[in-house]
Structure formats: C-alpha cells, structure tokens
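What Swiss-Prot lists as 5-phospho-alpha-D-ribose 1-diphosphate binding site is 96, 100, 102, 122, 123, 124, 125, 126, 127, 128, 129, 130. Summarising the annotation, Swiss-Prot assigns orotate binding site to 126.
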C-alpha cells in the first residue's frame, strides 16, 4: 500500500474525513461539499500521527533537502510542525494568521534568521489561500520559503492555480482522488456516491446538477 493510500485509509477509519455526497456539508465559503475534513483528529491516534509525521519527514527530505527551519501555520500546522522539527532536529517557528496587535506585533513566533530556508506545514489544502498568506508573511519577515507540505489536499483547480501563481511548491501526503476511490473500495460510499464525489472535484459549483 502506498503512503497516500495508507493515510487515506487512516483518515477514513478514525473519522477525520466524513463523506456525505447525498447530504452535503456547507463550507464557511458557502460551497456545498460532499466532504468534510478535520485533520486535528489525527493527533488523538498515535499510530496515525506517527504515520503522518514520518511521512512528512521523508517528503521534506526528498523535496526540500536544504531545509533549515520548519514553520507551522496557526493553529492546525503547529503540532505537526513541532513534531517534524523535533524528528529532524531543526528549529521550529509558527506563523500567525495576522500580526499580534500588542507587544512587538510579530506574525512569526520563534527565531527565523534572514534568508533561512523554511518549509511551511499545513494540515489541509482546499484553495490554499490561508497557507499562501502565511508563506507571504514569512517571506516579508525574511525567510526563504522553499515550499509547503500538507497532510491532505482536496485537489481543487483553484488551489493548483493559486500555488502556481504564487510560485510555491506544494507536497501533500494524501489527496482527494486517492481517498474517494479507497472509500468506495472499502464500502464507505456507493458507486453513485463516488460519481458525485468525482463531479465535485471538477466543478464545485454545479456538481449536484445533472
């Protein structure tokens, strides 16, 4: 079993991912979605957590071998980033969604030197907007951001465009396509549900029609 499939299996088993193609969720953006993901749940399961963190370490070594500091996004990327940094014996920092409104007004907490080569850790990629804002903040404060790693991606076309436009490399451990096919294989969804989930990936606005 590949790492992507193994992680997808864990996410389904521990109910970090819910699939309801016939009764969709409503995202904060207002989009009706057949999938809801809460990767914070992974922290409660040592076997899953270890699989993910070891996967991150190997992915970072392969894609970003020159990394000098790990940074987590607040809040979901912080625990994963801290564990990764510990495993790799690297410094750790975290990036706030906005600068503090008191004290020094920091947006990055920790010590990041000018030009230090950074990898940013996120738990989930939907459109990529929030993590790319974190990357921009890190660059403003002098970090040399090599790229982003995440547990899971919805593989939305908008995310592909956003990362391409920003010139930021993205590496994810698992993804939507891997998960939905495994979910059908393992009986979490029907073949009809799989068709709806495939349609959502292609067209988030009109996937329920037809």
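Each residue, glycine too, has its Cβ placed from N, Cα and C.
On the structure: features taken from Swiss-Prot.
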residue	record	contacts (Cβ under 8 Å, 6+ apart)
96	5-phospho-alpha-D-ribose 1-diphosphate binding site	74, 106, 107, 108, 109, 137
123	5-phospho-alpha-D-ribose 1-diphosphate binding site	39, 40, 42, 76, 77, 80, 150, 151, 152
125	5-phospho-alpha-D-ribose 1-diphosphate binding site	131, 148, 150, 152, 153, 154, 159, 170, 172
126	orotate binding site	27, 154, 156, 159
127	5-phospho-alpha-D-ribose 1-diphosphate binding site	156, 158, 159, 162
129	5-phospho-alpha-D-ribose 1-diphosphate binding site	162
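According to its DSSP assignment, residue 125 (5-phospho-alpha-D-ribose 1-diphosphate binding site) is in a strand.
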